[in-house]
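Notes follow the structure.
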Amino acid sequence: EWCGSNADCGDGQCCTGGSFNRHCQSLADDGTPCQKPNDYNEYKFGCPCKEGLICSPINYCQKK
């Protein structure tokens, strides 16, 4: 589903992608690729991790 910002997506999702190809995607799960949370809530490659997980230095979710 196309989105302009995270507000266009449901709970547990973020808006990710390039400027013309943005879509809602589920928050990243343990062991899956992620993008670290940022102040602007702008994500190009993936979503932040689900609650209780952190995005590791190699951009994969893992338990805290």
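Even glycines carry a Cβ here, placed using N, Cα and C.
Per Swiss-Prot, these features apply:
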type: DISULFID; residues: Cys3-Cys15; note: disulfide bond
type: DISULFID; residues: Cys9-Cys24; note: disulfide bond
type: DISULFID; residues: Cys14-Cys47; note: disulfide bond
type: DISULFID; residues: Cys34-Cys55; note: disulfide bond
type: DISULFID; residues: Cys49-Cys61; note: disulfide bond
Work out how many Å separate Cys14 (disulfide bond) and Cys61 (disulfide bond) at their Cα atoms, rounded off. 15
Most Cβ neighbours within 10 Å: which of the disulfide-bonded residues Cys3, Cys14, Cys24, Cys34, Cys55 is it? Cys34
Cα of Cys34 (disulfide bond) to Cα of Cys49 (disulfide bond): how many Å, rounded? 6
Give me the CA-CA distance between Cys24 (disulfide bond) and Cys15 (disulfide bond), in Å, as a whole number. 5
Cα within 10 Å of Cys9 (disulfide bond) is the criterion; apply it to the disulfide-bonded residues Cys3, Cys49, Cys61 and give the hits in sequence order. Cys3
Let's check the environment of Cys9 (disulfide bond): how many other CB atoms sit within 10 Å of its CB? 21
Reported as an integer number of Å, what is the Cα distance between Cys47 (disulfide bond) and Cys15 (disulfide bond)? 8
Using C-alpha atoms only, work out the spacing between Cys49 (disulfide bond) and Cys55 (disulfide bond) and round it to an integer in Å. 6
Across every protein chain in view, the count of C-beta atoms other than its own within 10 A of the C-beta of Cys47 (disulfide bond) is 26
Take the Cβ of Cys49 (disulfide bond) and count every other Cβ within 10 Å, whichever protein chain it belongs to. 25
Quick one: what's DSSP say for Cys3 (disulfide bond), helix, strand or coil? coil
10 Å Cα neighbourhood of Cys55 (disulfide bond): matching disulfide-bonded residues from Cys3, Cys15, Cys61: Cys61
